[in-house]
Amino acid sequence: MGNCGSQQTDASKTVAPASPPSVQSPINTPPPQAPPETEKQSEISNPEVVQGYEGKSEPISEKELEVVKASVDGSDDKEVVAESERLFPESKTGFLEKYDFGDVLGSGSFSTVKQAHDRETGQAVAVKCIKRKTLPPDEIDALKDEVSILKQISHPNIIHMHDFFEEPENYYLVMEVMSGGELFDRIVQKSYYNEKEARDLVKILLDAICYMHDRNIVHRDLKPENLLLQNRDNDSEIRLADFGFAKRVKGNLSLSTQCGTPGYVAPEILKGDKYGLAVDIWSIGVITYILLGGYPPFHDDNQATLYKKIKSGDFVFHPEYWDPVSKEAKDLITRMLTVDYEKRLTAKDALNHPWIHDMSDGELQSHDLHGTLDEIKKFNARRKLKGTIKAVMAATKMKRLIESLTKVSKKLNEEAEGGQPAAPEKIVDLLGEDAVAELKAEFTKFDENGDGSIESAELKTVMNNCGKFPTDELLTQMVAEADTDKNGTIEFAEFVVMFTNLVKGEDEQEGQVVVKEEDVQEGNVVSNDSPAI
């Protein structure tokens, strides 16, 4: 029988665990031969910049970079913080005696992430530096939860926190470096993909979540962006990251904060019900669907409609994509995407499901998912393109433009006929001169040579500035997603449509998005980033 966390160490101690053991990754398989919950408000996020460290960041200019470097040089942390002011009585001091800072990786509203090296061993780490004086009370409570959880868990497929320091000016979370990028980025580089590979990935995720659930810890933000690779090796280990929303649960239904990411959030969260560990299983069901079908089970440009689909469990297995997939896999997805959380599988149940536990490798390897791989590449390209655009929107804080786009999107939703998208010319006309001028200013940030179109090389430059280094194939796919006239570039009209789609249907109605300067919220639903597609 399957079990969870059987290879893991007991994490009941409060000391930081040792580095987790090595686990073989299935991503390169060859062809066959708690206490009461505290409300947490999130920063607006750009998950493309600093992966796995929760303090997601915005792209920064060279001038801003110098300011950031100066703000976290640690020069004010040579004194010792008073014990009465510490989050944890046993927390360490003396960060600057143990680590040397390196480059800035990114900066968010309350934190900066920097590279660093252990002075004694030379080990590379990623350090999340949080200014004590600027951290709101609710964020302090959330940080305490995050650090407390990370200190007490040790699993080969969960990101590892090496150290936590409390100094007079800063908190320092010292995390392992995840240099391999996102799991989905590695998948789309493959030329061969079968059901066994998808099964092995789901099994790894379920085992990590089962380990957490055995300790009454819920993650609450499972999504592709939080499945990372430790390094760029072909056999790199997979890590579950971003514990900014993780909580300990007390009883089955002890949580109430509405948080998560659109498309992956469980229906009980959207309904405002009390909830517990089962919300993670719903999210794994969504991820499993994407791994096997290549697209999300719940999708709509209008977020109110999207949330209605989620709350009703309205999804299907389209034959043109799902015929090659085993009935056992589809059964597991259905049982994980059960609206009634009391009838939804637990992590242990899922690990003992026939698709995970009983089906032979040979049988699953015979299910070639070449068509799914093509769809995953498209899904990943859409996700990356929207993430890049969202990063620019966050960095420039285009509040008035976003308001204009939201109004236009709402009007287009009201006038939509037969689901046909509005012509770009109509969108431009509805926006008005001021909004169009602002969009043109944003367009020029991408259009480096000023020829009136965005080419893949120019998109690459923007992504590089955001700390991402996409492959040429991904860049081509990203351009293709917005290139409606199929001429190989993104013209201004297509750029306008892209921006409009990002906020389509986003207003203050139930289940929809309120875009603010410093965060993104769906009504009461705190979001870590934009919808996946």
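Quick reminder: no glycine exception, Cβ is built from N, Cα and C everywhere.
When secondary structure is read from DSSP and collapsed to three states, Lys128 (ATP binding site) falls in the strand class. The ATP binding site annotation in TrEMBL covers Lys128.
Among the features that TrEMBL reports, compositional bias 'Polar residues' is placed at 1-12.
Marked as compositional bias 'Basic and acidic residues' by TrEMBL: 55-65.
The domain 'Protein kinase' feature in TrEMBL is assigned to 99-356.
Summarising the annotation, TrEMBL assigns domain 'EF-hand' to 434-469 (among others). Each residue in the domain 'EF-hand' (434-469) has a pLDDT score, and their mean in this model is 82.
What TrEMBL records for 470-505 (among others) is domain 'EF-hand'.
Residues annotated as region 'Disordered' in TrEMBL: 1-65.
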Please spell out the DSSP helix, strand and coil residue counts for the domain 'EF-hand' (470-505).
22 helix, 2 strand, 12 coil
Secondary structure content of the domain 'EF-hand' (434-469), with strand meaning DSSP E or B:
23 helix, 2 strand, 11 coil
